[in-house]
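Report on the structure given below.
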């Protein structure tokens with residue numbers, strides 16, 4: 001059966017849920033899909049239950065390629081792709097790939113707890129990876145009888161957001177109960193609809209980088225028997241069309257060429273994929289083992305693999321979940337670019353003995369294998385699975 005075409009008539013926006021473990025991110029995601037399916041029944045709006053979204057349980061072995069649930073839904077005004085990023089600290093890596101895919105996010109905070117360590121961490125990560133627009137959903141308000149307590153929690157959340165340069169005083173805070181809405185309580189269903197109209201209004205339609213040269217960070221690779229190899233990910237910038245020639249850049253010294261033979265989004269065929277779309281790209285002339293997560297698909301000649309660069313970095317303080325001790329010259333952490341970790345060594349500027357948690361500094365980095373980078377590429381510095389710094393490439397050296 002031919003796949004149905006993907007409808008482009010509404011503006012498309014990528015959002016997601018972030019926040020502390022057990023504060024109700026996944027329940028809210030389920031509530032949004034379920035309430036929209038009840039109130040605005042369309043072919044896109046299908047209810048998803050908690051279990052089907054919760055695709056990344058904490059007890060599952062790590063090393064799953066990606067543990068982020070993607071759901072789609074629409075309001076009267078827009079089409080949304082929604083990412084549910086798991087809450088546990090072990091999945092911060094995922095938060096980084098997930099948050100990088102959001103035009104805006106709903107920060108879920110349980111009214112019973114208020115902001116918790118991962119609330120802070122996710123706000124910080126959002127700031128680092130360029131998620132500029134946050135809306136707060138204070139969940140579980142049905143469990144709090146004291147109006148003053150709710151006001152205090154809201155103030156605390158707003159202060160925390162301001163601390164990380166978000167407009168804490170001005171951004172929208174919606175109080176509700178995802179579980180009650182999911183169970184069909186009309187009052188709380190109305191609040192979900194209010195939340196979605198706030199998302200429609202407050203998160204601006206993203207400026208898509210469609211005019212720039214194609215860059216698509218590869219998140220996952222699989223092969224379709226008889227058709228070829230598919231690389232999937234979110235198009236960072238540019239467009240990809242059937243018959244385009246692309247280059248596969250990074251990890252390996254050599255740049256490989258391939259031809260695009262198909263583009264799909266949400267299992268529907270597209271004529272072209274645009275910046276911001278989560279797509280699967282079918283490639284001719286590439287074996288399944290010749291392309292991997294961490295590489296990028298790019299317009300030929302637009303980006304090269306590099307191992308040496310200068311970067312401006314901020315090293316997280318102990319309070320932000322960073323290191324407790326300084327590091328010295330030749331420190332060898334992992335550098336997390338787009339979808340993958342690469343080990344590299346850090347050279348400090350002349351005269352700098354060491355870098356303390358909370359410092360920012362210009363460093364020279366040498367990676368153990370090349371990555372597609374350019375001036376302005378952002379990265380995180382990680383060690384043993386936790387983020388200890390964030391940075392941006394200021395100058396390419398080799």
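Glycine is treated like the rest: Cβ placed from N, Cα and C.
Positions annotated as domain 'tr-type G' by Swiss-Prot: 10-207. Over the domain 'tr-type G' (10-207), the average per-residue pLDDT in this prediction is 85.
Per Swiss-Prot, region 'G1' is recorded for 19-26. Remote same-chain partners of the region 'G1' (19-26), defined as residues 6 or more beyond its termini with a Cβ less than 8 Å from a stretch Cβ, comprise 50, 53-54, 69, 84-88, 107-110, 113, 115-119, 122, 139-140, 178-179.
In the three-state DSSP reading, residue 22 (GTP binding site) counts as coil. What Swiss-Prot records for 19-26, 84-88, 139-142 is GTP binding site, and it gives sequence analysis as the kind of evidence.
Counted within 10 Å of its Cβ, the other Cβ atoms near residue 26 (Mg(2+) binding site) come to 26, all protein chains included. For 26, the entry in Swiss-Prot reads Mg(2+) binding site.
Annotation source Swiss-Prot lists region 'G2' at 63-67, citing similarity to another entry.
Annotated region 'G3' per Swiss-Prot: 84-87, in sequence order, evidence recorded as similarity to another entry.
Residues annotated as region 'G4' in Swiss-Prot, with similarity to another entry given as evidence: 139-142.
A straight line from the CA of residue 141 (GTP binding site) to the CA of residue 26 (Mg(2+) binding site) spans 17 Å. Cβ atoms under 8 Å from those of the region 'G4' (139-142) belong to residues 23-24, 27-28, 108-112, 150, 175-180, 188 of the same chain, restricted to positions at least 6 beyond its ends. Residues in the region 'G4' (139-142) partition by DSSP class (helix H, G, I; strand E, B; coil) as 2 helix, 1 strand, 1 coil.
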